[in-house]
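*Asks:* Sharing a structure here in structure tokens format.
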Amino acid sequence: MEKTREEICVALLLLLTSVPASASVEVQPSTNTATVGDTVTLSLVPPTALRSGSWAVGDALVIAWLGEQQAVFPSHSGRASVDIGSGALTLSAVTVADSGVYVVQGSDPPLRASAAITVVEIVSNVTLSVNQTALTEAKSSAILRCSVSSGSSLSFLWLNSSSEVTASDRVHTTDEGSTLIIIGVTRYDQGPFRCHAFNPVSNGTSDAVNFVISCEYNKVITTVITAAWQSPL
């Protein structure tokens with residue numbers, strides 16, 4: 001009769017208690033940074049046949065085996081398998097939640113090794129929105145927000161025309177770089193502004209936004225001139 005997942009785990013817990021880290025075996029991922037949906041294999045170097053053992057991510061078991069009997073845990077059901085002959089773990093259709101430190105433990109032979117992988121989502125549909133486009137020089141502030149339809153582990157780069165926007169007394173970013181604030185705009189802040197969102201596997205750039213920046217001093221002069229023309233001699 002086949003052993004249940006619980007029986008395999010109890011047996012392995014007894015076997016794996018106090019298994020030391022192995023200096024002679026390392027875990028080598030097929031990629032350290034994967035894209036959502038990819039297949040990732042964590043191989044033992046050198047390949048090592050494990051008659052019993054387990055793979056876990058953090059404190060959560062992924063798969064355990066005892067002889068030919070394997071138990072895959074619900075979080076990875078249908079997506080994880082182990083090659084007992086080499087000790088390699090294969091994860092299919094990975095998600096962002098699969099990121100973490102993976103630990104393999106074996107009792108026959110005894111070993112323990114680990115490696116980290118990161119799973120990121122591809123960037124798509126980068127959009128730039130602003131609080132308003134008609135501004136007054138030295139009085140108005142511009143707030144620009146960058147958003148994406150999908151994407152994880154994001155970084156942001158802000159561009160004014162072809163130049164990178166840098167922080168200053170008037171200019172700073174918030175919300176992990178996704179919001180740009182310009183206090184007391186000047187005529188040089190007309191744009192076009194774009195935001196560039198990126199992660200280790202993809203990137204995207206928004207459409208351009210321009211500001212119309214008027215000078216209050218010019219408005220006063222225009223008003224005075226208009227009033228003078230309209231006054232009777």
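Cβ coordinates come from backbone N, Cα and C, glycine included.
Remember, TrEMBL labels are computer predictions, not curated facts.
These came from TrEMBL, pasted as-is:
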SIGNAL    1-23  signal peptide
DOMAIN    109-212  domain 'Ig-like'
*Asks:* When DSSP states are grouped into helix, strand and coil, how many residues of the domain 'Ig-like' (109-212) land in each?
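*Replies:* The counts are 6 helix, 55 strand, 43 coil.
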*Asks:* Let me know the model's mean pLDDT on the domain 'Ig-like' (109-212).
*Replies:* 96
